[in-house]
Amino acid sequence: MASEQLPVDGAAAAAAASGDEPFLGLLDIALLAVLIGGAAFYFLRSRKKEEEPVRSYSIQPTTVSTTTATDNSFIKKLKASGRSLVVFYGSQTGTGEEFAGRLAKEGIRYRLKGMVADPEECDMEELLQLKDIENSLAVFCLATYGEGDPTDNAMEFYEWITNGDVDLSGLNYAVFGLGNKTYEHYNKVAIYVDKRLEELGANRVFELGLGDDDANIEDDFITWKDRFWPAVCDHFGIEGSGEEVLIRQYRLLEQPDVQPDRIYTGEIARLHSMENQRPPFDAKNPFLAPIRVNRELHKGGGRSCMHIELNIDGSKMRYDAGDHVAMYPINDKALVEKLGQLCNADLDTVFSLINTDTDSSKKHPFPCPTTYRTALTHYLEITAIPRTHILKELAEYCTDETEKQLLRSMASLAPEGKEKYQSWIQDACRNVVHILEDIKSCKAPLDHVCELLPRLQPRYYSISSSAKLHPTDVHVTAVLVEYQTPTGRTNKGVATTYLKHKQPKEGGEDVKVPVFIRKSQFRLPTKPETPIIMVGPGTGLAPFRGFIQERQHLRDEGKTVGESVLYFGCRKRSEDYIYETELAEWVNKGTLTLKAAFSRDQEKKIYVQHLLEQDADLIWDVIGEKKGHFYICGDAKNMAVDVRNILTKILSTKGNMSEADATQYLKKMEAQKRYSADVWS
């Protein structure tokens with residue numbers, strides 16, 4: 001380093017010594033002027049290119065932000081843009097964020113300019129200052145996730161109001177919760193936040209709203225907000241502006257001149273992250289895991305269940321039995337092509353959607369610039385059942401008045417409109433492609449469709465292996481989703497259809513899928529000698545395969561392991577009895593006690609619930625006498641509810657408890673992590 005600097009230092013000393021020479025000669029000055037001029041020309045030219053899109057929608061202008069994008073002060077942003085409404089969201093799958101966006105957008109109708117905010121990106125202690133803004137209101141759209149937990153992005157805020165004792169007097173607020181009644185802790189987070197904010201002195205402007213995703217959460221939301229806005233107007237003494245104005249949240253910028261290496265091709269966050277992989281790997285930076293094995297588990301019956309082994313060697317990702325692996329799927333290419341045709345669009349057009357709200361930290365709805373093909377393939381949920389606000393906006397592009405009124409009706413609060421939405425959209429399982437196929441006069445521009453559709457979410461699977469045996473492999477057990485709809489169409493599951501076609505070939509190139517690990521509370525007891533009962537019909541067996549692998553491994557090492565009882569169920573022993581050979585081996589080795597129900601192998605159907613009822617003494621012995629652990633995995637709507645009720649009954653009869661005491665005992669087991677559920681609906 002010193003040798004490189006010496007000539008420079010020497011030249012500087014010589015120039016300083018000869019005081020009769022100027023520091024820069026005429027030639028130097030001329031060269032410098034040329035360089036500065038060239039840089040200025042390039043800068044202005046590139047800016048002009050960026051600011052002159054080939055085609056752009058005229059969008060209502062919004063206030064220019066005076067705060068930086070990295071500023072986490074939502075108070076500064078509100079004040080700088082003359083807003084008084086802030087809608088925070090706690091969202092795991094994107095629905096909470098979507099609802100928050102719709103509320104913030106509608107605020108304009110009621111003279112309350114709004115902004116959407118992610119509590120994880122905000123200094124939430126600023127809620128104390130919100131009262132200083134006239135007619136200010138904070139709305140919280142909060143989902144409950146897992147076993148009654150806040151979503152990842154709302155965790156810090158939840159802990160802050162739980163553990164803190166701040167004075168929130170003067171804060172006006174309202175809460176809407178997103179939950180699912182089939183789960184034990186229905187809307188626990190929203191119920192708690194609503195109550196806790198009041199305890200801290202805040203002023204509830206409107207009653208808590210609870211959305212049930214098992215029924216019709218869209219209907220719950222629009223019914224709640226239809227009563228919410230009049231209450232807000234009454235509270236602040238303001239009037240609505242009447243007719244709803246449909247305002248685009250994003251403006252289109254077509255970018256034909258963007259260099260190919262600056263275009264997103266499916267990356268979740270960082271450009272080229274799929275080519276230049278580097279840890280840590282998570283939801284924003286998934287690991288491309290090669291599929292080592294993809295084999296069929298079913299032996300007949302017309303349905304398909306896949307056993308998939310993902311190689312995570314070199315990723316530095318770690319997992320425990322009971323964790324989940326998340327996978328980013330892609331949409332069916334034929335559906336993508338069909339949507340492009342219906343919107344009369346060139347799918348290879350390079351474009352960006354740019355947020356018209358310059359104060360928002362979310363500049364684009366998905367990574368931009370990209371092509372329509374990539375957006376529809378990697379970033380957007382095109383097979384989801386569309387919510388009513390999408391129908392309302394699509395209606396504006398109908399040239400046939402009858403079709404326009406049909407879409408408007410289904411987006412309305414009128415009882416007949418709600419019934420039509422239920423039958424024509426939900427019961428018929430119509431996605432946006434089906435709607436555009438059937439509403440032939442609707443010719444929506446594809447950029448607006450891209451704005452309206454929700455983000456394509458990762459799919460989560462219970463890991464069906466133990467890291468003690470397979471430290472560099474993650475096993476997945478997944479049933480292929482495919483069904484006929486009332487309109488005669490075939491709907492296919494996005495992720496399982498994608499996986500079905502990911503078949504590794506011996507000697508061929510690696511077949512890879514983007515994945516990351518999500519930690520879970522679904523855990524084996526810390527002491528191996530603790531007995532366990534596992535209830536896992538169908539693919540509910542997945543995490544228990546990992547549990548049993550681990551317990552067998554401990555026994556092979558000479559350790560004492562408690563009793564492991566598995567209740568498994570499927571339709572027919574000869575068709576869908578998955579992992580039959582492995583289970584038989586564990587039984588023969590004395591590691592597992594297996595209770596299997598084959599519902600259709602006899603005239604009267606038998607399910608795992610029936611086997612549990614017959615084994616009341618065994619169950620009480622394990623969980624009542626020996627303080628063992630009880631686990632459920634599988635269907636939340638019927639099986640898990642039935643099993644919990646049976647367990648309460650067994651505790652009551654065998655433990656000589658009242659029903660109330662048995663319920664309390666079960667809650668205590670949950671608190672002690674002795675009762676765990678990994679269920680889905």
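Every residue gets a Cβ built from N, Cα and C, even glycine.
Cβ neighbours of Ala143 (FMN binding site) (same chain, under 8 Å, six or more residues apart in sequence): Gly90, Ser91, Gln92, Thr93, Thr95, Gly96, Thr151, Gly177, Leu178, Gly179, Val189. Taken from TrEMBL, the feature FMN binding site applies to 91-96, 143-146, 178-187, Asp213.
If you take the C-beta of Thr477 (FAD binding site) and look for same-chain residues 6 or more apart in sequence within under 8 angstroms, you find Leu297, Cys305, Met306, His307, Ile308, Tyr461, Ser462, Ser464, Thr539, Leu541, Ala542, Arg545, Ile578. According to TrEMBL, the feature FAD binding site maps to Arg459, Tyr460, Tyr461, Ser462, Thr477, Ala478, Val479, Tyr483, Gly493, Val494, Ala495, Thr496, Trp680.
The feature domain 'Flavodoxin-like' is assigned by TrEMBL to 85-229.
In this model, the domain 'FAD-binding FR-type' (284-525) carries an average pLDDT of 96. Positions annotated as domain 'FAD-binding FR-type' by TrEMBL: 284-525.
What TrEMBL records for 23-44 is transmembrane segment.
If you take the C-beta of Val479 (FAD binding site) and look for same-chain residues 6 or more apart in sequence within under 8 angstroms, you find Arg303, Ser304, Cys305, Met306, Thr496, Gly538, Thr539. Considering only the binding-site residues Gly94, Gly146, Asn180, Tyr186, the residue whose Cα is spatially closest to the Cα of Gly493 (FAD binding site) is Gly94. The shortest Cα-Cα distance between Tyr186 (FMN binding site) and any of the binding-site residues Arg459, Ala495, Trp680 is the one to Trp680. Annotation for Arg459 (FAD binding site): spatial neighbours Ala326, Met327, Pro329, Val494, Ala495, criterion Cβ-Cβ under 8 Å with sequence separation of six or more. Assigned with DSSP, the residues of the domain 'Flavodoxin-like' (85-229) fall into helix, strand and coil as follows: 65 helix, 35 strand, 45 coil. In this structure, Tyr186 is the one among the binding-site residues Tyr183, Tyr186 with the smallest number of other Cβ atoms inside 10 Å of its Cβ.
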